[in-house]
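All remarks here apply to the structure that follows.
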Ligand SMILES: O=P(O)(O)OC[C@H]1O[C@](O)(COP(=O)(O)O)[C@@H](O)[C@@H]1O
Ligand SMILES: [Mg+2]
Ligand SMILES: [Mg+2]
């Protein structure tokens with residue numbers, strides 16, 4: 001979907017048809033997007049009823065990452081896998097399934113999906129979401145992960161749905177990033193943002209600061225310098241937001257800029273942070289890059305990283321390009337001593 005060629009208010013199905021008319025190779029990808037969007041509408045109805053529909057936060061089993069599955073995690077996983085079963089999808093890598101799931105052998109596409117992102121927000125009426133990345137399926141009976149080992153650049157499309165005050169689908173088919181909002185009266189998504197363009201610089205960061213004592217020195221230094229604001233080496237005051245829901249934080253960054261960090265830290269099991277490469281970091285990274293923003297693990301471009309496991313984690317930094325590059329400088333050791341140097345960050349020394 002080329003930027004500028006889409007009309008605000010158009011229905012998702014019309015926009016997908018237009019994309020396929022322009023590039024017939026997108027036919028299957030568009031069918032998968034439509035299937036996920038359909039499942040998202042039904043998930044949004046469940047979430048919209050809140051506690052009227054029962055306790056969506058009720059604990060069930062455990063997923064492979066050791067997280068307790070809540071009732072809504074399980075419902076969302078069922079809804080998306082049912083929808084993908086009826087689409088041209090050979091395999092699914094879901095947060096809520098230990099192994100890659102085989103759906104339609106021989107079908108052309110594979111989907112990595114986080115059916116319900118932001119699980120800690122379930123049951124308290126806060127935003128949650130669904131994240132997905134669509135890739136070509138690679139048939140290799142000896143390697144069940146074959147469809148998912150290519151770097152994120154192999155993704156044909158990526159997106160997420162936010163179930164917030166409005167239900168929104170943020171989508172890229174590799175030509176810009178668009179937002180569609182669910183028109184509840186009609187039961188259809190309509191285009192609201194034909195081309196997102198993330199501001200290059202920003203004054204807002206998002207990180208779970210309760211982990212500060214576990215952070216590595218570059219992250220500590222970056223955040224300390226943000227906190228020092230106009231009195232420190234960054235020379236500007238920052239605001240902070242943390243929603244505990246990656247999709248909601250990502251949507252804010254896409255709409256008004258900023259930087260999000262979930263770094264690795266020294267807690268047991270958190271050396272690579274908390275977020276998963278295949279169904280969280282890689283789709284978000286494609287959406288960011290297609291909107292003019294960046295996504296790294298601190299230093300390396302997320303889209304260049306190859307997965308070696310379904311639920312592999314990766315440190316994640318994304319958002320306004322200047323901020324993402326600034327974080328990389330702290331990792332490179334070029335900035336992170338600066339905040340503590342008597343020559344930096346003091347009015348009248350390195351700055352006028
Ligand atoms: O509770 P923490 O450590 O701040 O982690 C919050 C992060 O974890 C997540 O909830 C992980 O996703 P899931 O809920 O899909 O496991 C992100 O949405 C969010 O950004
Ligand atoms: Mg998640
Ligand atoms: Mg999840």
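Each residue, glycine too, has its Cβ placed from N, Cα and C.
In TrEMBL, annotation is done automatically, which means it is predicted and not curated.
Counting only same-chain residues at least 6 apart in sequence, those with a Cβ under 8 Å from the Cβ of residue 114 (Mg(2+) 1 binding site) are 94, 95, 129, 130, 131, 132, 276, 279, 280. According to TrEMBL, the Mg(2+) 1 binding site annotation covers 95, 114, 116.
Residues or ranges marked as Mg(2+) 2 binding site in TrEMBL: 114, 117, 280.
Here TrEMBL flags 117, 118, 119, 120, 208 as substrate binding site. The Cβ of residue 118 (substrate binding site) has 126, 127, 128, 129, 243, 244, 245, 246, 247, 248 as same-chain neighbours under 8 Å, each 6 or more residues away in sequence.
Annotation source TrEMBL lists domain 'Fructose-1-6-bisphosphatase class I N-terminal' at 27-194.
Residues or ranges marked as domain 'Fructose-1-6-bisphosphatase class 1 C-terminal' in TrEMBL: 199-330.
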Neighbourhood of residue 116 (Mg(2+) 1 binding site), C-beta criterion under 8 angstroms, separation at least six: 43, 70, 72, 73, 76, 77, 96, 122, 128, 129, 130
Other same-chain residues whose Cβ falls within 8 Å of the Cβ centroid of 95, 114, 116, the recorded Mg(2+) 1 site, in sequence order: 73, 76, 77, 94, 96, 113, 115, 117, 119, 130, 131, 279
Cβ-centroid neighbours of Mg(2+) 2 site 114, 117, 280, 8 Å, sequence order: 95, 118, 129, 130, 131, 160, 246, 247, 275, 276, 279, 283
Tertiary neighbours of residue 120 (substrate binding site) (same chain, Cβ under 8 Å, six or more apart): 244, 245
Rounded distance in angstrom between the Cα atoms of residue 117 (Mg(2+) 2 binding site) and residue 208 (substrate binding site): 16
Neighbour tally for residue 208 (substrate binding site), based on other Cβ positions within 10 Å of its Cβ: 13
Cβ-Cβ neighbours of residue 95 (Mg(2+) 1 binding site) (radius 10 Å): 26
